[in-house]
Each structure stands twice: as C-alpha cells, then as structure tokens.
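Have a look at the structure below, then the notes.
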Amino acid sequence: MAFSNALVLCFLLAIINMALPSLATVYTVGDTSGWVIGGDYSTWASDKTFAVGDSLVFNYGAGAHTVDEVKESDYKSCTSGNSISTDSTGATTIPLKKAGKHYFICGVPGHSTGGMKLSIKVKASSGSSAAPSATPSSSGKGSPSSDDTPAATTTTTTPTKQNESSATSLSPIVALFFTVSWICSYVLV
C-alpha cells in the first residue's frame with residue numbers, strides 16, 4: 001500500500017511539473033484583426049498584463065509587413081535600422097523572456113507611422129495582479145525606460161485559429177485542477 005501511495009504521489013508531481021510551464025499566456029496581437037495598418041495596439045494592450053514567460057503572436061501577410069523589436073528611441077521615431085530582432089514570415093511569435101518595456105514596430109516604411117507599433121510593459125512574474133501598462137501607439141510618447149535593450153528572440157510559428165479570446169491560459173489550469181482532484185480522490189479512497 002505504501003508503494004502504491006508513493007507511486008501516485010510521484011505521478012501527481014510529474015503532472016504538476018508538466019502543467020506549470022503551460023500556464024503562460026499566448027497573446028495574439030490585434031486579436032482577429034492581426035498586425036495591420038490602422039490597428040489600435042495601445043487600446044489592445046491596455047487591458048492585458050504581460051509577464052515573463054508569456055508570448056506575443058503577430059499574424060500578418062508574409063512579406064507585406066514585419067515585426068521588429070526596437071529600442072525606445074527607435075519606437076518613438078519609427079526607425080527600424082537598428083532592430084533588436086526582425087521577422088517577416090507572416091506568423092511571428094515573440095517569447096517574453098525579460099521584464100521591462102518592449103517595443104515593436106512594422107519596419108515597412110510608413111507602416112509604423114500609420115499605427116503599426118506596440119509598446120508593452122512585461123512584469124517579472126505572472127502572479128501579480130497589478131494593472132498593465134501600455135504606451136499609446138499614436139502619440140509615440142512614453143515614459144523613459146532604464147532598460148532600452150530588451151532581450152527577446154524571434155521564432156516563427158504557423159498561425160493558430162483563435163476563437164473569441166486572444167489569450168489562452170484557462171484550459172491548462174482547469175486540466176490541472178481535474179487531474180489533481182482525480183488523483184487525490186483515488187489516493188483517499
């Protein structure tokens with residue numbers, strides 16, 4: 001009986017360890033509209049809290065736009081010549097690996113000045129419930145940042161079909177809850 005309980009406990013811990021990394025949120029920039037000229041990305045970001053471990057997915061026409069992560073000064077001036085990273089494949093995923101301000105623009109001339117720019121503040125941990133911060137994309141004015149060079153890597157993914165929400169994080173929590181409940185009821189019975 002002790003061996004059986006130990007085995008169930010090990011299984012429970014393995015399930016929890018596999019589920020925890022999946023609790024990060026994947027945000028589709030612009031929701032169903034995607035990364036387009038004329039999008040209001042300041043409003044889009046205003047009700048979201050970004051945390052280290054989350055990801056941004058930019059969906060756009062391959063070759064028609066780019067996603068460039070830039071420094072704050074390049075964000076304000078809509079300059080992509082010194083981009084930290086750039087991608088133009090049509091489906092760009094940016095993992096948020098570092099806390100602080102992150103700035104994104106479309107590097108195609110005229111697109112950033114037409115509204116294709118996004119500024120977000122990434123929190124160190126997803127456990128906090130403080131309000132999100134976003135710099136308005138139309139004014140180009142933002143508060144100074146002590147960290148002008150956010151570290152991020154650009155990877156590409158195949159676009160995924162999004163339903164009503166741009167963020168996905170509830171189902172892993174629900175799955176974890178039911179798995180733990182089932183295992184606990186098995187151990188206690």
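We count from 1, first residue shown onward.
Glycine is treated like the rest: Cβ placed from N, Cα and C.
Here's what Swiss-Prot has on this protein:
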- 1-24: signal peptide (SIGNAL)
- His65, Cys106, His111: Cu cation binding site (BINDING)
- Cys78-Cys106: disulfide bond (DISULFID)
- 127-160: compositional bias 'Low complexity' (COMPBIAS)
- 127-165: region 'Disordered' (REGION)
- Asn163: N-linked glycosylation site (CARBOHYD)
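For the pair His111 (Cu cation binding site) and Cys78 (disulfide bond), the Cα-Cα distance reads 9 Å. Within the same chain, the residues at least 6 positions away from Cys106 (Cu cation binding site) whose Cβ sits under 8 Å from its Cβ are Trp35, Ile37, His65, Thr66, Val67, Asp68, Ser112, Met116, Lys117, listed in sequence order. Take the CB of His65 (Cu cation binding site) and look out to 10 A: across all protein chains shown you find 23 other CB atoms. Taking all protein chains in view, 22 other C-beta atoms sit within 10 angstroms of the C-beta of His111 (Cu cation binding site). Counting every protein chain shown, the Cβ of Cys78 (disulfide bond) has 19 other Cβ atoms within 10 Å. Sequence-ordered, the extra residues of this chain that approach the Cu cation site, with Cβ no more than 8 Å from the Cβ center of His65, Cys106, His111, are Trp35, Ile37, Tyr60, Ala64, Thr66, Ile105, Gly107, Val108, Ser112, Gly114, Met116.
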